[in-house]
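Taken straight from Swiss-Prot:
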DOMAIN    27-150  domain 'Bulb-type lectin'
TOPO_DOM  27-436  topological domain 'Extracellular'
CARBOHYD  Asn37  N-linked glycosylation site
CARBOHYD  Asn58  N-linked glycosylation site
CARBOHYD  Asn115  N-linked glycosylation site
CARBOHYD  Asn123  N-linked glycosylation site
CARBOHYD  Asn173  N-linked glycosylation site
CARBOHYD  Asn211  N-linked glycosylation site
CARBOHYD  Asn247  N-linked glycosylation site
CARBOHYD  Asn256  N-linked glycosylation site
CARBOHYD  Asn282  N-linked glycosylation site
DOMAIN    290-326  domain 'EGF-like'
DISULFID  Cys294-Cys306  disulfide bond
DISULFID  Cys300-Cys314  disulfide bond
CARBOHYD  Asn332  N-linked glycosylation site
DOMAIN    345-425  domain 'PAN'
CARBOHYD  Asn351  N-linked glycosylation site
DISULFID  Cys379-Cys400  disulfide bond
DISULFID  Cys383-Cys389  disulfide bond
CARBOHYD  Asn404  N-linked glycosylation site
TRANSMEM  437-457  transmembrane segment
DOMAIN    509-788  domain 'Protein kinase'
BINDING   Leu515, Gly516, Gln517, Gly518, Gly519, Phe520, Gly521, Pro522, Val523, Lys537  ATP binding site
Amino acid sequence: MRLHESSSPFVCILVLSCFFLSVSLAQERAFFSGKLNDSETIVSSFRTFRFGFFSPVNSTSRYAGIWYNSVSVQTVIWVANKDKPINDSSGVISVSQDGNLVVTDGQRRVLWSTNVSTQASANSTVAELLDSGNLVLKEASSDAYLWESFKYPTDSWLPNMLVGTNARIGGGNVTITSWKSPSDPSPGSYTAALVLAAYPELFIMNNNNNNSTVWRSGPWNGQMFNGLPDVYAGVFLYRFIVNDDTNGSVTMSYANDSTLRYFYMDYRGSVIRRDWSETRRNWTVGLQVPATECDNYRRCGEFATCNPRKNPLCSCIRGFRPRNLIEWNNGNWSGGCTRRVPLQCERQNNNGSADGFLRLRRMKLPDFARRSEASEPECLRTCLQTCSCIAAAHGLGYGCMIWNGSLVDSQELSASGLDLYIRLAHSEIKTKDKRPILIGTILAGGIFVVAACVLLARRIVMKKRAKKKGRDAEQIFERVEALAGGNKGKLKELPLFEFQVLAAATNNFSLRNKLGQGGFGPVYKGKLQEGQEIAVKRLSRASGQGLEELVNEVVVISKLQHRNLVKLLGCCIAGEERMLVYEFMPKKSLDYYLFDSRRAKLLDWKTRFNIINGICRGLLYLHRDSRLRIIHRDLKASNILLDENLIPKISDFGLARIFPGNEDEANTRRVVGTYGYMAPEYAMGGLFSEKSDVFSLGVILLEIISGRRNSNSTLLAYVWSIWNEGEINSLVDPEIFDLLFEKEIHKCIHIGLLCVQEAANDRPSVSTVCSMLSSEIADIPEPKQPAFISRNNVPEAESSENSDLKDSINNVTITDVTGR
């Protein structure tokens with residue numbers, strides 16, 4: 001149990017100084033020495049915090065607590081009677097006859113007390129709320145505190161709050177414990193604590209499983225925690241100040257104190273840092289851990305590393321093999337790995353070459369390190385001379401770190417982390433030294449063979465090219481017929497454009513005519529001789545997609561006719577050129593407006609609601625009302641085009657799948673799509689269905705309402721948070737909010753949350769969504785938790801788009817294309 005492992009004599013005080021003003025204690029004081037009834041409160045001197053009775057969201061129970069007074073969202077940071085609520089307004093907070101601060105109900109039963117031994121009386125002690133959020137009990141004639149809430153936190157850490165241990169005076173760990181639910185502040189399932197062993201580390205523990213570790217931060221080096229995910233590597237820019245006084249103390253302070261912020265233990269098991277945004281007038285998430293599946297403690301067992309950017313996540317360290325190969329191959333990695341070749345000192349005959357080290361770069365260091373102040377060469381030398389030593393590391397602020405026994409909870413990081421040296425038998429080290437020579441020899445021979453084959457193939461191709469050109473279109477339509485299983489003759493009615501016609505229409509595919517870039521290739525605006533404007537999608541030879549997607553799109557869209565689907569006018573197949581010709585959408589794509597503060601003003605709420613309805617009708621046609629059942633698989637704001645009347649049209653069917661009438665879902669090993677819009681079952685397991693399109697639809701709904709992009713799933717987490725807090729008006733784009741439409745806007749947010757629920761079976765069908773939008777279904781169920789897919793959680797997948805305007809991570813793309 002982690003809470004009893006601490007051996008440090010220091011007190012660790014976490015100073016998260018995120019307030020704008022520095023004031024004296026005298027200025028912060030807000031006193032009370034009598035009693036507070038249910039309707040009465042006290043406020044700190046600069047009105048930052050308030051103390052009194054409150055009711056949590058969706059609850060009528062009353063609790064005594066402290067909350068932020070200076071923000072518009074109810075934010076409780078400390079609760080007194082957390083597991084003994086009062087069911088009416090009869091509660092009283094008072095200083096009792098023995099000088100303690102107590103909370104009593106209408107029958108004068110004591111529900112909570114500071115419970116300190118004091119010689120003071122009720123008349124000589126006062127309660128004081130400081131502007132730091134600390135509630136203190138003290139003698140009126142002295143500045144010495146008898147009791148303070150900062151030493152007894154509930155679920156939140158504030159600036160100057162004690163979060164460590166004080167071994168010299170026999171103190172235990174100071175922890176924060178989650179609420180049971182957003183409406184119930186009684187102790188929940190998770191606890192967080194800063195444990196002081198060889199190095200300070202933050203831990204999250206599961207109270208329902210013998211305080212087992214859920215997550216650890218990695219060791220602190222004086223600047224940051226080693227094991228934070230890369231996206232948060234710079235969040236903990238604190239500095240430790242060690243004061244070697246009679247009590248011993250360790251403090252942390254922010255490098256940036258210009259933002260109001262605090263940490264809290266979420267009831268689902270995450271430690272979250274919340275930062276106040278004056279612009280949004282709401283809290284934003286500055287940090288949330290665990291952040292990836294690899295953050296789960298011991299995810300891969302012993303002697304293995306976890307990499308959230310790889311599939312599978314876990315791999316044995318070189319020189320080790322799975323302990324149970326069958327379980328390992330089935331994705332159960334908890335058994336970990338075991339050493340292949342014993343170390344020199346472990347062999348019966350310990351002669352021969354000495355052991356060496358394998359260097360693993362940018363690692364979250366394993367748990368249970370021992371500390372030494374040796375230099376790096378001396379650190380490694382000491383490890384080799386100690387039979388029990390299996391790994392070592394050295395870094396600024398860490399000194400020499402040594403591991404004995406086993407290595408657990410290692411993770412490969414892409415930017416932060418520290419080099420870890422794994423001790424291996426000499427034969428394991430030699431294996432790697434020979435590998436480059438072998439690879440080089442194979443490559444040299446391979447290059448020669450490939451070159452010869454290319455020359456031969458080129459001569460054959462040149463001879464056959466003339467014969468091939470006449471059959472290009474025929475071959476394409478044969479593939480179309482095979483895929484569609486339909487009427488080849490009807491597909492051939494699709495107009496074929498000459499290459500020269502499209503080249504002339506697009507000004508020879510000039511950059512000035514380029515509208516955007518997709519996985520298929522570039523998209524150009526064109527104008528035919530008769531004056532009709534068109535959009536031309538040209539297959540890029542460098543595209544990771546291409547011919548298969550072109551054929552797929554012809555199959556799908558040639559059979560569809562709906563006012564909310566983009567219209568295919570024809571195609572061009574000439575030599576190596578493959579192009580699709582669409583009607584031109586003059587208003588570009590939906591994302592062109594939503595995520596630009598100036599252009600967003602052009603879409604008022606009525607327009608946005610009509611766009612939502614149009615998208616739903618188009619998707620309903622694909623799923624249920626057309627002759628085929630089609631799953632789009634790449635529904636997103638940039639694939640919603642707008643005509644001159646701002647009528648939405650779903651586009652880009654290159655990734656769509658046609659479903660047989662008797663199937664509801666399918667599985668693929670080739671996960672394609674756009675990060676932020678992919679349903680969890682599809683992103684993580686390749687399983688797609690109508691409900692995966694519904695998830696994408698829900699993301700689009702929330703983006704339309706908020707005007708914010710779902711980057712790294714932060715939008716879903718944010719919406720869920722404010723939904724639970726009853727502050728959903730803060731989500732709505734200020735450009736569209738109108739009290740006249742408030743009920744309709746709230747309904748759309750509600751529907752959006754239903755669409756992005758984690759379990760596919762919980763999501764409504766598109767037909768149900770349409771009925772809810774039209775008020776045919778009045779009783780809308782409460783949503784369950786959305787799927788928060790961390791970017792690093794998504795296995796390597798193929799992107800549906802490639803653009804100069806993108807941030808591409810793990811081949812799952814965040815697109816920023818202006819439309820067709």
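Any Cβ shown, glycine's included, is placed from N, Cα and C.
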Asn332 (N-linked glycosylation site) as reference: those binding-site residues from Leu515, Gln517, Gly521, Val523 with C-alpha within 10 Å of it: none
Neighbour tally for Cys383 (disulfide bond), based on other Cβ positions within 10 Å of its Cβ: 25
Fewest other C-beta atoms within 10 angstroms, as judged across Asn123, Asn404, Gln517, which are the recorded positions: Asn123
For Cys314 (disulfide bond), the one of Asn37, Asn58, Asn282, Cys389 that lies nearest, given that the recorded positions are compared by Cα: Cys389
Lowest local Cβ density among Asn115, Asn211, Asn282, which the record lists as glycosylation sites, within 10 Å: Asn115
Proximal residue to Asn211 (N-linked glycosylation site) among recorded positions Asn115, Asn123, Asn282, Cys306, Gln517 (C-alpha distance): Cys306
Overall pLDDT for the topological domain 'Extracellular' (27-436), taken as the rounded mean: 85
Recorded positions: Cys294, Leu515 - member with fewest neighbouring CB atoms within 10 Å: Leu515
Cα-to-Cα gap, Cys306 (disulfide bond) vs Val523 (ATP binding site), nearest whole Å: 40
Within 10 angstroms of Cys300 (disulfide bond), Cα basis - recorded positions out of Asn37, Cys294, Cys379, Cys383, Cys389, Leu515: Cys294
